[in-house]
Amino acid sequence: MSLLCLADFKAQAQKQLSKTSWDFIEGEADDGITYSDNLAAFRRIRLRPRYLRDVSKIDTRTTIQGQEINAPICISPTAFHSIAWADGEKSTAKAAQKANICYVISSYASYTVEDIVAAAPGGLHWFQLYVQPDWDINKQMVQRIEALGFKALVVTVDAPVLGNRRGNKRSLLDLEANIKLKDLRSPGESKSGLPTPLSMPSSSSCWNDLPLLQSMTRLPIILKGILTKEDAELAVKHNIRGIIVSNHGGRQLDEVPASIDALREVVAAVNGKIEVYMDGGVRTGNDVLKALALGARCIFLGRPIIWGLACKGEDGVKEVLDILKEELHTCMALSGCRSVAEISPDLIQFSRL
């Protein structure tokens, strides 16, 4: 069967994965209101195309934190890619490298950062850090990713505790008991076969901790999970270099705004002082253009990457990225945009539906 869009990959992935694996990947918090609204919110936005423009050449390239990428479509940090494909994050990294886009590697990866980077040594990698209660562990992790050539540190802020994911509970999936934090041990320990000690993110992490983290690294720090203007303003005040507007795919606190709705508030609050990105609900190239029109520098994909991985491994991830890029290319041409820089707020309007 031909897989022509991200929805096709989702349907095929669900057929191939066990119910427990699927519930983990798709799991939403509580009633799934935010999970559903992430998708529905994009449908409330309409496009306002401009015609009689020369769109014979379309350029989807842009930059994030000074690094050029081939399209404003990157990969969010998601856990345990080996659930979907044996080579897990190594395959994901290879696909991202071929697409020349950024891959944010999760703290909860199936492989060590050393293994993942070795699989795609020329890729653009950021690392997602869940701040640990033990600051020696945080420092050691930062030193390792700097030595491996990572270009940014992404701190996830919206998970001081795990969200109430009912589907996981019904599947008897105990996330805490199954977390294997290979990256919070030394490379030698990770290969020793010894059991991994349980280590959950710190629930006491706060704004006052950021200067300590900044003192440990030369890398730009990006905060993932910001949804309000108040927190966006604090991020600027604390010299943060970027924000990923995100509600964790509707997996943490339910009934918060859809990411695309929160994006407007955050973009207005930072007023161009730092770069803003978003993830949550992007399923088509039209969605990408809408996010960029509202001020996102690029979007990040979570679940669709796992769908691609489950279907075809590295090739599936690359196909998902290529489909979305081609859809964006078409949407830009049909909207009168020759480059990402020409995508502006006047290209969209909000439907009353």
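The backbone N, Cα and C atoms fix where each Cβ goes, glycine too.
Unlike curated records, TrEMBL annotations are generated automatically.
Feature annotation from TrEMBL assigns active site, proton acceptor to His248.
The FMN binding site annotation in TrEMBL covers 77-79, Ser106, Gln128, Tyr130, Thr156, Lys224, Ser246, 279-283, 302-303. For Thr156 (FMN binding site), applying a Cβ distance below 8 Å and a minimum sequence separation of six or more within one chain yields Pro77, Gln128, Leu129, Tyr130, Pro201, Lys224, Gly225, His248.
The Cβ of Arg251 (glyoxylate binding site) has 23 other Cβ atoms within 10 Å, all protein chains considered. The glyoxylate binding site annotation in TrEMBL covers Arg165, His248, Arg251.
Annotated domain 'FMN hydroxy acid dehydrogenase' per TrEMBL: 1-353, in sequence order.
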Fewest other C-beta atoms within 10 angstroms, as judged across Ala79, Val282, which are the binding-site residues: Ala79
Max CA-CA distance, Å, over listed glyoxylate-binding residues Arg165, His248, Arg251: 12
Winner by Cβ contact number (other Cβ atoms within 10 Å) across the binding-site residues Gln128, Ser246: Ser246
Residue among binding-site residues Pro77, Gly280, Gly302 with least C-beta crowding, 10 angstrom cut-off: Gly302
